[in-house]
Ligand SMILES: NC(=O)C1=CN([C@@H]2O[C@H](COP(=O)(O)OP(=O)(O)OC[C@H]3O[C@@H](n4cnc5c(N)ncnc54)[C@H](OP(=O)(O)O)[C@@H]3O)[C@@H](O)[C@H]2O)[C@@H](O)CC1
Ligand SMILES: Nc1ncnc2c1ncn2[C@@H]1O[C@H](COP(=O)(O)OP(=O)(O)O)[C@@H](O)[C@H]1O
Ligand SMILES: [K+]
């Protein structure tokens, strides 16, 4: 499991270690981890040109001490100081290691004056280390930082702890911020590493263990071993009914494809049987390609909503009496009040969640974590907000984030496959929270597997599911 903690949690854990360790030890751990990540990116140190952007706090201190390590490996290191106040011991160490230092003229309102006692900016750099702000920063960047970043635009950036300027605890972005290739973080992931839009700004995250002892996380991301452990697998004495039956009430004569794709997601082999309840002509079409699909009967989970058109309300209310968990998707989300407080997974994309909460789609996209939590509280059930990094919220549980997938998954009908898959996992006995997060992980992994870097359609995702399940650790 990848776990992410709030700044407050990190500060508290850090305080315990700071009291135990010699002064500066924690920063040395962080700086060494950072330096080795930079060496990794550059393929070595000797002769490489490294620019450190150094802010006023310990984030800048990390950058300065990493600069020391890099200078000792033969790198040509230059630091641009963005504030009159900097980590003095780190600065002295960098100077002693042969690093060059430029003090930005912070009196210049635009912050664009880089002329210093040592002359104007000259050579380009191989990498920029963003030590502007870390977990102590407020969202946005000051003009000096913006100007410095502008001057080095196009050069790969390694962010220290977080890409400066993002809101660390929400993953929101409300002003200028760094966009990094790699973010090197310490002790644990922060929320901004996993939640968009900040997560996208940080590039690949590299975690350096500094020995923090941390409480339960605010956020978590399943890894293959977690998915393998949660996956419902057939017992040796299993039969189809003990494995669970999933019922699909989706599609319509107008949208038969939605029914076919929901069934494809459900019919991935993770449930014992799949029932389709709907238009007879649609069932006939499904059976021409999937002869194993049966009609109405008892189920352990329902999937309702995609392509239901005007029948969504009736389809949803028809499922309620069974008292089994329900996946509520697409057209049925308008009637999600009906499942408030029940075992359910609501699966909106940003536009659908906007409709449910009376918000604007752009607001949801800018603050997905805030809104998915709000929806889970409002409906007192599991809510899965689809996107590049899908979020799954359930009252009282850490939000789960899905980091599998590819942008090629943004294709018509992919959501129908996901709904069916989550239904199969519910039928297999997972809780709505686990079914949603395991389903979302498998769906993203299947998309990546099917895509191999190229385009895919929704049916390809469903077809790849068995191979992805088979590739999980035993
Ligand atoms: N915790 C841990 O376990 C470990 C932490 N470590 C490291 O320490 C980092 C945290 O250091 P920190 O607390 O000194 O805060 P940090 O983020 O460097 O700077 C905050 C200062 O910046 C300023 N400022 C604020 N907003 C700004 C803005 N938008 N744009 C520009 N400037 C802005 C403001 O100062 P001001 O200029 O307003 O006086 C504020 O005081 C952490 O991220 C990690 O790298 C590791 O070394 C070891 C393990
Ligand atoms: N940029 C992206 N990167 C990765 N996955 C994405 C991206 N955009 C959307 N997705 C995923 O693609 C799927 C789209 O589902 P949905 O919006 O319901 O489409 P449809 O209604 O056509 O089935 C979701 O699983 C979502 O998480
Ligand atoms: K930073």
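Here the Cβ of each residue, glycine as well, is placed from N, Cα and C on the backbone.
Because TrEMBL annotations are produced automatically, they should be read as predictions rather than curated entries.
Record note: TrEMBL gives 59, 164 as K(+)-binding, and the candidate from 84, 130, 196 in that site is 130.
When TrEMBL records 386, 387, 388, 389, 390 as binding AMP, the matching candidate from 358, 413, 415 it lists for that site is 415. Among the binding-site residues 135, 386, 387, the ones whose Cα sits within 10 Å of the Cα of residue 59 (K(+) binding site) are 135. Close to ligand 2, meaning a Cβ under 6 Å from one of its atoms, is not one of the binding-site residues 58, 138, 161.
When secondary structure is read from DSSP and collapsed to three states, residue 130 (K(+) binding site) falls in the strand class. Neighbours of the AMP site: apart from 386, 387, 388, 389, 390, 415, residues of the same chain with C-beta atoms within 8 angstroms of the site's C-beta centroid are 349, 385, 391, 402, 405, 440. Counted over all residue pairs in 386, 387, 388, 389, 390, 415, the record's binders of AMP, the longest Cα to Cα distance measures 14 angstrom.
Fewest Cβ neighbours within 10 Å among the binding-site residues 138, 349, 386, 389: that distinction goes to 138.
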